[in-house]
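Listed in TrEMBL:
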type: ACT_SITE; residues: 223; note: active site, proton donor
type: BINDING; residues: 223, 224, 225, 226, 227, 264, 373, 424; note: AMP binding site
type: BINDING; residues: 227, 263, 264, 373; note: Zn(2+) 1 binding site
type: BINDING; residues: 264; note: Zn(2+) 2 binding site
type: COMPBIAS; residues: 469-482; note: compositional bias 'Low complexity'
type: DOMAIN; residues: 147-469; note: domain 'PDEase'
type: REGION; residues: 465-529; note: region 'Disordered'
């Protein structure tokens, strides 16, 4: 297929439209491609971007530019800021097959019609297979020039520093063209040698990770696949801490990474109180207790079974891993923060944590995942502030929808009575500081001191912003009660996987956890973690 479009190049001072950023099936490109017809790539300034198709109309193509500087030698002169320039590009052999001749890849059945959702997953899966060849160092035969291997090269360079606390997940997500969760999780599993140790089928693993990433809602400002990738990277940093590195088993590491990658799977972008007050079916299904966390766990188990990732293991071992995965994910319920923190503090006071004990190791994994889930305030300011903006956007969107439907506005979700700085200071004071202070007691390392240092600096920065806004009194620096941040609700005592399983068979969540639910009228606000 040959097409020629006059595509707009977006200047650096203009935001990329959300409808462009949300497209699936993107193909990255750079100036080094022969697509631009330049005899020497050095004649071009660096150009980075992506081409993607519309999920509803796959004949429509969009272009996203990260840098639009091109020398006049190629027949294009950049115009002034705020203006649009156009570049005529001849896209050759963009697709080697038509819809009628689409052949499913490994792990997909060719029988019957292919739904739009299954088609998107298939295209994504084939794209990740190409990426996997690059990650494994296998040369790709007959490469398409439109595929930018330079992008992959930069991402691989970043993965060499994946253990550093200032790892920029936003940059990595751009370099991987929105595939940070898949590529990072696969890299970490492979780095630990878990594929060989557990004899995991690489095709099944890729398919599982692709489906996990697809089931995160990309329109959620905060609870999306990038957040999951960030939590997975933080979890990896904690797993490398000396106490854990010398004590954890390979099974512990596998469960820790998978729990981090799936801990917010199919998050609807609203918090538990909203689901309860609107009589959502998930609230009824899980009896108003750890509603979202139960849903994340069931969704993850549904994808594990759908892909058969653990199907080669004895049935008893597979069920045990599913149970332990649920126990880790359920621990991220922010309403149970004081319960876990109190237990952690008691263990440290009595000095009776023995990591040779399997149950104690599992508890430490729970605490590590809780820390990873809310570690944003402990990141460097440049990263922490971006996360704060995203979670506040979700909060305020939920509040706007609650006002629209004349519902009681949830705490922290009213944009008129809360500010981003106030929310962050309160969250740091009542939730983050107590947890990371105890984690620092358990693992008194350079990383712990670094996190606490960033936490103090970031809190001071938010305090300075509050004072600039004219609120200088201490009582105005944040909400006065930690209850605002735990968001606890009356619920049946039901938090462990055993009791959760009585509510509904696990397999049922595959149909309800895939994003098919339409939340167009549902707000984008949720818990902080």
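Just so you know, glycine gets a Cβ as well, placed from its N, Cα and C.
Any TrEMBL annotation is an automated prediction that lacks curation.
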_Whole-number Å value for how far residue 263 (Zn(2+) 1 binding site) lies from residue 226 (AMP binding site) (Cα to Cα)_ = 12
_Whole-number Å value for how far residue 223 (active site, proton donor) lies from residue 264 (AMP binding site) (Cα to Cα)_ = 7
*asked:* Whole-number answer please: how many Å between the C-alpha atoms of residue 373 (AMP binding site) and residue 223 (active site, proton donor)?
replied: 11
*Cα distance, residue 263 (Zn(2+) 1 binding site) to residue 225 (AMP binding site), nearest Å?*
10
*Could you say which of the binding-site residues 264, 373 has its Cβ with the most other Cβ atoms inside 10 Å?*
264
*Residue with minimal Cβ packing [other Cβ atoms within 10 Å] among the binding-site residues 224, 424*: 224
*For residue 227 (AMP binding site): intrachain residues, at least 6 apart, with Cβ closer than 8 Å*: 264, 387
*When the pLDDT values for the domain 'PDEase' (147-469) are averaged, what is the result?*
96
_Count of other CB atoms lying within 10 Å of the CB belonging to the residue listed as 'active site, proton donor'_ = 28
*Cα of residue 224 (AMP binding site) to Cα of residue 263 (Zn(2+) 1 binding site): how many Å, rounded?*
11
_Whole-number answer please: how many Å between the C-alpha atoms of residue 263 (Zn(2+) 1 binding site) and the residue listed as 'active site, proton donor'?_
10
*Roughly how many Å separate the Cα of residue 223 (active site, proton donor) from that of residue 424 (AMP binding site), to the nearest whole number?*
17
*asked:* I'd like the number of other C-beta atoms within 10 A of the C-beta of residue 226 (AMP binding site), please.
replied: 23
